[in-house]
Every structure is written in C-alpha cells, then in structure tokens.
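All remarks here apply to the structure that follows.
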C-alpha cells in the first residue's frame, strides 16, 4: 500500500523569527532580516552581513545537554520541539520505536571546530573540549533531536549542502511509506556564521556586499544566515486516527544529480528533478500554483534556474507564481529548504504567495513572475520547492492541500 504522508506540525528559527508563525509573518510581508553581523569574532570580511538569530527563545534544555551541542544542533532541537507541540504529539515507551527523525545539515559544527583551532593553535592548549568531535559531526543534529524527544525509530542525518533539508524530508517520507515509522521529524539546520566558513564562501566570490536580490538585474550574490526548520510528518492514517490538523500533504519528490561540476550550476539536473517531482506526484505542470525557487541571488544560478523552469513548465511558467524567500531569511544552507517548506505549507494554508524581497530591476534572462516585493493573494493548491546544491545535488518537493 502506498501510504500518504501529511504535515501536522511546523517549527523554525532564523533571522526572521523564533517560531514558524513569526517566520511566516515576516516572510509573507517581504521583510528582510539581512543586516550587519554582530559576532565580534568575525572580521576582515568584504561583506559583514547575514541573518542572525539575535535572541533564542526560552527552552528547557539543561546545561549538561547544552555543553554537548553545537549551535546548529540546538537550533534543530528547538525547531523540532515546536513542531511536535503544534502537532500535539509526544513520545512514550509504547510509540517511541515508531517515531524517527532526519535532519539535513550542510556544514555542521564549524563553531566547535574553530574554537578548537583557537584553543590549540592560538591559545597553546594541549587538548580541546571533551565534546568537540561529537559536537562537530553533521549527524549530531539528528542525534540530539532523537535524544531530546525520545525518538527510537529511524534516525539519521542528510548532508547535501544547500539541498540537505529537502533530501532529509524526502528520506523521512520514504521511512513512512516503507512502513518503518508512523511519524518522522524532518527538516534541516545550520549555523554558518563562523569566521572560517564565511571566509571560505568569500573566496568563491559569491557573497553579496549589500543584500540578496534574487532574479533582479542588479543582484550581486548570496547572503548566508543561520536557522532551522522542522516538520512533523505522519502517515495519513496515523494523523486521521488521532484527529490531527493536516496542514499539507507531501505530494511528490524529485531527485537528480548534474554530474557536472563541484561549484558551477547546470540546467539539466534541476530540470530532471522538477520533472521527476511532477511525475511522482501525478501532477501536470499546470497544476502547480506556486514555486519557491532556489533563487540564491547569484548571476549564474538564477539565470539557469529560470531556464530550467521554462523547460519544465512551458507556457505555464509565466502563469504560476514564483518567489525566492532567501531574499528575506538569506541562504541558511542545510536549513534553507526547510524554511522554504514553511513558506510552501503556509502559502497553501493562507492563499498568499510570499514575495521576492529587495527586487529592483527586471532581468531579461530572468523574465518570469517572481512576485517582486509585494505578497500576492492567490489560491495555492499545489506548491513546489526547489533545492539545487553545490556539486549538482538536486532535490525538489511538491506539497498540496489535503482533500
């Protein structure tokens, strides 16, 4: 039996807000969180901008747990707890083996790694903190979510750069469809506002000096940010049996690889992933009302994504609404497509397409309707989310209203 998978809870933190509701409110209105980075340890950067979570929400995680967590893991746990709360779920001895988690992480614990470097090489110490190794591993986020919520089913991480969260969600859907779990926490987390990470991205010459302007002719690159987004996924039967509110259904998944270049984008991979997603969801191109674009704000990525969208959707590419919410929350790497999942689900819930903020000049090479600067009321029955990662790893998800 092909089990349907629905979303019953959302959680998130990023520069826009510290829960899914506040993130969506800011995103919907096109209010960008991009601004100066306040971390005093970050210096000598050409562009000192990003999206930071200024103050974390109150939580019940004690100090003994916190010392074993890098920031990206903490963000994942906080988002997961929010999602479980909205879903009205909790783990116990009777159901824990049917609850699991997959968390996408792009970079992982570079904060712990950089602190170890400073301690050993600059401070002259002979050893690092006890938990440096386990704090830094990308899978730590999934481990910490499991331990903090008591999940004993399938638990693992997904690491595919900017597509990590979509790959994690896709994998979680598979666990439910295969009957290995009834409930999965899925999403992504990253905390890349660390000096060594920012310097690495600066070296690639892709960071914008001012802000992120996806699809605008005067765009100058991407902006990095920290954040996490998590969803509670359930089999339709499990959610219906307990009378849960179903926010959306995960209708389809499309995965592909460019097999082309470690950094440069290509058209054929994104095109293949979008086509595969439509087939998996049994959708026609005309069924998609809203597409949340990968839309990083770099010259090459936005142009190539536009071309891929035109190839897949044909004439409908000019009828559906498109936007890049990275213009508001920036590129949160492993968390990016998790935050964009929130945008898709809430667009379906409220019938509003969030805009592409900071847009100034039309680009003839990006000539689709990217919903510039102002939200648009529109019935959204189906929303698609693109995630195209460095190295050509592509993951596309389709979400739809629950009948």
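Each residue's number is its place along the chain shown, starting with 1.
Glycine residues also receive a Cβ, built from the backbone N, Cα and C atoms like all the rest.
Remember, it's a predicted structure, so these values are computed and weren't measured experimentally.
Taken from Swiss-Prot, the feature domain 'Ketosynthase family 3 (KS3)' covers 2-401, and the record attributes it to sequence analysis.
Annotation for residue 162 (active site, for beta-ketoacyl synthase activity): same-chain Cβ neighbours under 8 Å, separated by at least 6 residues, are 106, 294, 296, 331, 333, 334, 336, 337, 387, 388, 389, 390. Residues or ranges marked as active site, for beta-ketoacyl synthase activity in Swiss-Prot: 162 (among others).
The active site, for beta-ketoacyl synthase activity feature in Swiss-Prot is assigned to 294 (among others); the stated evidence is sequence analysis. Its Cβ taken as reference, residue 294 (active site, for beta-ketoacyl synthase activity) is surrounded by 29 other Cβ atoms within 10 Å in the chains shown.
Residues or ranges marked as transmembrane segment by Swiss-Prot: 329-348.
Its Cβ placed at the centre, residue 331 (active site, for beta-ketoacyl synthase activity) has 29 other Cβ atoms within 10 Å. Under the three-state DSSP scheme, residue 331 (active site, for beta-ketoacyl synthase activity) falls in the strand class. Swiss-Prot lists 331 (among others) with the feature active site, for beta-ketoacyl synthase activity, giving sequence analysis as the kind of evidence.
Confidence for the domain 'Ketosynthase family 3 (KS3)' (2-401), expressed as mean pLDDT, is 97. DSSP classifies residue 162 (active site, for beta-ketoacyl synthase activity) as helix under the three-state reduction.
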